[in-house]
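Asker: In case it helps, TrEMBL gives these features for our protein:
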- 48-297: domain 'G-protein coupled receptors family 1 profile' (DOMAIN)
- 30-58: transmembrane segment (TRANSMEM)
- 65-85: transmembrane segment (TRANSMEM)
- 105-127: transmembrane segment (TRANSMEM)
- 147-169: transmembrane segment (TRANSMEM)
- 207-232: transmembrane segment (TRANSMEM)
- 244-260: transmembrane segment (TRANSMEM)
- 280-299: transmembrane segment (TRANSMEM)
């Protein structure tokens, strides 16, 4: 790995030409409208995810494994959208679409790390609900604080290793075509269309990586929720069945919004892909999902809304 990183740094030193991001919006009134919409979505995502993190931190009723994992999801979403949108907004407002070789590598590294880690965190959240509903008596042991920390740490480490491998490869190959990336961020597959060497080996590794970090986790989530639905059907309590179904349907909504466009984008062969379609799909998992996650979890969760009321009442009583 050290040799690979050294090779990467040597390549960076030899390369002074910046990349150019063609962006998402056309220079027109329609483009301005969509730009304002994206900025508004970004601000909503910042407020929503920061609110979830602070709320879970302040309210002791939410100091449980499920909300501990949820706070990590919000933290990842917060960083995810911040990795993409500020640069995209700056490019649109300034008209300067260039990004340095190192800057592109940093953006790509954080994007892949966060995308991979978030996929694994969603699996951890599915496992949490599976244990809570199917094995409630074993829940304190199977989902202890130590287990949660290991899940979160493992997600970050595996995401970083995966990202390091992709980034080192992508930024260690020669680029001899146009430096214009037809995307609104440094997406590695979009960059490789500019390479002056055959990248079929890397495309194969992308397929393997997507299978490990998206397809396999999605299968695990589907299997766990299959067991959960069977357990819900056997519940005697109508209230317990309703609460369990609401929690699971909320998580499945988040999983669908995240996994579906990601898998559809990266599992298709290059011949079936188009830059315009890739950019539209990327909006879902880079911008819309980070904004929707806190809304879905807060508006459809009585525990979160209750915690919000308690925190607001606490601050109001302090002020008076």
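We number each residue from 1, going along the chain as drawn.
Just so you know, glycine gets a Cβ as well, placed from its N, Cα and C.
How buried are the listed features, and what sits near them?
Answerer: Residues belonging to the domain 'G-protein coupled receptors family 1 profile' (48-297) score a mean pLDDT of 87 in the model.
Residues 24, 67-68, 70-71, 74-75, 77-78, 81-82, 85, 88-89, 92, 283, 287-288, 290-291, 293-295, 297-298, 304, 307-308, 311 of the same chain sit 6 or more residues outside the transmembrane segment (30-58) yet have a Cβ under 8 Å from a Cβ within it.
Sequence-distant contacts of the transmembrane segment (105-127) (same chain, six or more residues past either end, CB-CB distance under 8 Å): 8, 12, 66, 69-70, 72-73, 76-77, 79-80, 83-84, 87, 99, 148, 151-152, 154-156, 158-160, 162-164, 166-167, 170-171, 185-188, 191, 209, 213-214, 217, 220-221, 224-225, 251, 254-255, 258-259, 262, 285-286.
Tertiary neighbourhood of the transmembrane segment (207-232): same-chain residues 115-116, 119-120, 122-123, 126-127, 129-130, 133-134, 159, 162, 166, 241, 244-245, 248, 251-252, 255, 259, 262-263, 266-267, selected by CB-CB distance under 8 Å and a gap of 6+ residues from either end.
When Cβ-Cβ distances below 8 Å are used as the criterion, the transmembrane segment (244-260) is approached by residues 118-119, 122, 125-126, 129, 133, 214, 217-218, 221, 225, 228-229, 231-232, 235, 284-285, 288-289, 292-293, 296-297, 300-301 of the same chain, each at least six residues removed from its ends.
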Asker: Near the transmembrane segment (65-85), which residues from the same chain, at least 6 beyond its ends, have a CB less than 8 A from one of its CBs?
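Answerer: Same-chain residues near the transmembrane segment (65-85) but 6 or more away: 38-39, 42, 45-46, 48-50, 52-53, 56-57, 107, 110-111, 114-115, 117-118, 121-122, 124-125, 128-129, 132, 143-145, 147-148, 151-152, 155, 184-185, 286-287, 289-291, 293-294, 297, 303.
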